Each structure stands twice: as structure tokens, then as C-alpha cells.
Amino acid sequence: MYAVTNQNKNKIFVVIAVAFAMFVDAMSYGIVVPLLPVYADKILNLSNTMTSLFVAIYAVGLLISVPFVNLLTQKIGNKLTLILGGFLLFFSLILFPFGNSIEILFFARFLQGASAAITWTAGLSLVAQNVHPQKRSTALGTVMVGVSVGHLLGAPFAGFLYEFGGILLPFLGVSIFALLSLSLFFMLKDKNEVIVDINKYNNFDFFKLIAKNNILFGLCGVVLIESFMISMLEPTLALYASRQFNASSVTIGLLFGVQVLTLGLFSPIVGKLADKYGKLKMIVIGMFSCGVIFLSIASTQSIFSIFFLMSLLGVSSAFFMSPVLSAFADEIDKSEMKGLYHIAYGIFNLIYSLGMILGPTAGGFMTEIWSENASFAVIGVILLTTVPLFIFSISLKKKTYTAQPSAKAPVHLAEKSQSKIQDFSPIA
């Protein structure tokens, strides 16, 4: 009985450690945004172009780092990779307040992206390895609560500490959280680390698997659309609310805060629904509802309506994220690459970072040619069009791809364990 209880405690600790790391990562991302005017106007006198590049370099760091993170995880495992990512984040946070040149700021922002690549690859992989497949969506939904809370608190945390103690204090505050996250990684037990045939497969093998597996192909498309949607929305909606409704920076911050809050509240709930009724069904619901919401934003005439729609968008986005993360792991478990979740989540991050780069660019282009309303409508149409395409993709017969016999054999801790399947929704 003690052994069973201890195993469940270990699983809970893994989920908490990764969720807290996600919280710190999201918070470190969020504190930079409200401080952009300080760097642009008071410290370095940056042009709008350089400021935009500074924001985008995070996604570049994420994109470039993913292949190296996969290789590193194969060599030293998830735990040590996460520790390295924690040190990278801490170092970047120390660099920011002393960024008296654009080169230092770009380097610090790049390190932030590299650290995020580690957290989102090795961290999610560790959760997938240690949580039973039947509760994987719920556990990953719990992890996403950390992301939502980090995004929700990042901007106001930075604004308050900057007013209280200058440019140094916000980064110092988050660096303390980064050290706490590091301490949790050091406390992870090595037996939680499960690596199976790590030298047999690489990123190219996963791309081959995507070509054979229509569900994985469809999931990759969903990830790209989701990332594109969110990253396009942030700058476009901020400008739209300011120009159309004369919204202040506080009001704009609250708009996104409402969306992040409902996303965090509903992520574990949707994860539980996905575990019970099917992940792919939840994804279809999320895409369709997001499409309707974007079309509604394009036609709204009230700032209060946008607040309501943004809260609904948070709920709909929850149907995207945690089921997609879990569905990736499920498809890996049906293949000869079972257990190698770091490769799956590495490709996930690769695709997500592409969307982060393309989203703001396309949003600015559409806004200049047409208007903010038209750009929202275009995204809504894209989402609604994607729904039947995704359904068609997952219904196709898989090309020369069959589930491996090993897919039903226990290969990692969660399935080897005879303990009661842990429900993670109360933790969230």
C-alpha cells in the first residue's frame, strides 16, 4: 500500500514540477511585453521595426533550439535537460535589466525562446511518460493551468514591480521563481526517467511517421492553426481595441487576461472530458467554436462584447491545447516509437514556433490591406474550413501504417505500475 501511495505521489510531483516550470516560462515571457516601451523609448530608442524583431526573436530561439533539445534529451534525459533549461532562463532574466545594447537584449530574448523549447519538450515528455494514458489529457490540462496563470500574472507583476523599484525588480522577482523551479527539477527522482531505444529514432523518423499517420498529420495542422490564431490575435486585437473603442493599455491587458483566465480554468475540465469522450472530438469542437468567435469579433460593435467573446475564446482554446498534446502522445504509443515523447513534443514546438512567426506577420499584412475586422473574419473562415479538412484527415486509412504490437505492451512507468490511476483534476 505504501509503495502504491508513493508512486502516485511521484506522479503528482512530476506534474506539479512541470506545471510550475510552465508558469515561470509564461511569466518570464509576459513581463517583457509591458516593459517594451521602457526599452524602446527610454533606454535604447528602438524603432518600431527593431521592437517587433525583439518580440519575434523569442519564436526564432524556440524554432532553432528544438532539434538540439531533442538530441540533448536523447543523450542525458528529460531531467537534466530541464535543469539546463532552468539555468538558461535564469541567465536570460539576469541579462535583461543590464541590456544596454540591442545585441544583449536580442541574446537574452533568444535564450528565453531556447529555454521555452526545453520546458515544452522535455517537460511535456516527462509528464506523458509518468502519467497513465487514460489520465494523460487531464494531467496535461493541469500543466496548462501553469501557463495560463503565468500569462495572467506576468504583465501586472512587471508593471507593479517596475513602478516600485525600476527595471531591475521585475526580472529579479521572476528569477527567484526560476530558482524555485530549478530546485523542483533537482528533487525529481531519476527513476521517473524512462528512455526507450533512444538511439534508433530522430526527428526525421517522426516526419516519416507523420507522412504515414493521417491523424498525426491532422494534429500538426491543428497546432499550426492554433499558434497562428493566437499570435495573430495579440497585436491585431490590441490595435483594434485602441483605435475602434479608444481602449487604454489597462483595458487591453484585461481583454487578454479574461481569455487566459478562462483558458486556465477550463483546461483541466476539457482534459477530463477528452479522456472520457475522445480527444479528437474535443479538438473539432474547439476549432469550430473558435471560428464562430472570430467571425463574431469581426462584426462586434462594443468593447463589452469583445470581453465576452474573449472569455469564450479562452474556453474554446482549452479544447485545442490539452487534447492535442495528449493525442500526440497517443499516436506515438501506437507506433514503433512508443515512449519517445520528446521527439513528438519537439516537433510540436517546431510547428508552434512557425505559427508564432507567421501569425503577427500575416495579421499586419491583412490589416494594412483590408482592416482589423477583415483579418478576424479571415481567421474565422480558415478555422471553419479546417474543421471538415481535419475530420477528413483523421478518417482516412493510414498509409502502410499499423499499430505496432509493442503499443499494447508496458514500456514506461505509468503502464508498468499496478497502482490506482491518478486523477489530476483536483490538483488543478
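Don't overthink the numbers, they just go from 1 along the chain as shown.
Placed from the backbone N, Cα and C atoms, the Cβ positions cover glycine too.
The following features are taken from TrEMBL:
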- 14-398: domain 'Major facilitator superfamily (MFS) profile' (DOMAIN)
- 12-32: transmembrane segment (TRANSMEM)
- 52-73: transmembrane segment (TRANSMEM)
- 80-98: transmembrane segment (TRANSMEM)
- 104-127: transmembrane segment (TRANSMEM)
- 139-161: transmembrane segment (TRANSMEM)
- 167-188: transmembrane segment (TRANSMEM)
- 209-230: transmembrane segment (TRANSMEM)
- 250-270: transmembrane segment (TRANSMEM)
- 282-300: transmembrane segment (TRANSMEM)
- 306-328: transmembrane segment (TRANSMEM)
- 340-362: transmembrane segment (TRANSMEM)
- 374-396: transmembrane segment (TRANSMEM)
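Packing against the transmembrane segment (306-328) from elsewhere in the chain are residues 124, 128, 136-138, 140-141, 144, 215-216, 219, 222-223, 226, 230, 237, 241, 245, 254-256, 258-271, 274-275, 279-280, 282-283, 285-287, 289-290, 293, 296-297, 300, 341, 344-345, 348: each is 6 or more residues past its ends and has a CB under 8 Å from a CB in it. 52-73 is the stretch from 12-32, 52-73, 139-161, 282-300, 340-362 with the greatest number of Cβ pairs below 8 Å to the transmembrane segment (104-127). Counting only same-chain residues 6+ beyond the ends of the transmembrane segment (139-161), those with a CB under 8 A from a CB of the stretch are 15, 18-35, 123-124, 127-128, 131, 169-170, 173-174, 253, 256-257, 260-261, 263-265, 267-272, 274, 318, 321-322, 325-326, 422, 424-425, 427-428. Spatially, the transmembrane segment (340-362) is adjacent to the transmembrane segment (209-230); three or more Cβ-Cβ distances between them are under 8 Å for residues at least 6 apart in sequence. Relative to the transmembrane segment (80-98), the listed stretch 167-188 leads the set 52-73, 167-188, 209-230, 250-270 in CB pairs under 8 A. Packing against the transmembrane segment (209-230) from elsewhere in the chain are residues 280, 283, 287, 290, 294, 317, 320-321, 324, 327-328, 331, 335, 337, 347-348, 351-356, 358-359, 362, 379, 382-383, 386, 389-390, 393-394, 396-401: each is 6 or more residues past its ends and has a CB under 8 Å from a CB in it. Averaged across the domain 'Major facilitator superfamily (MFS) profile' (14-398), the predicted model reaches a pLDDT of 86.
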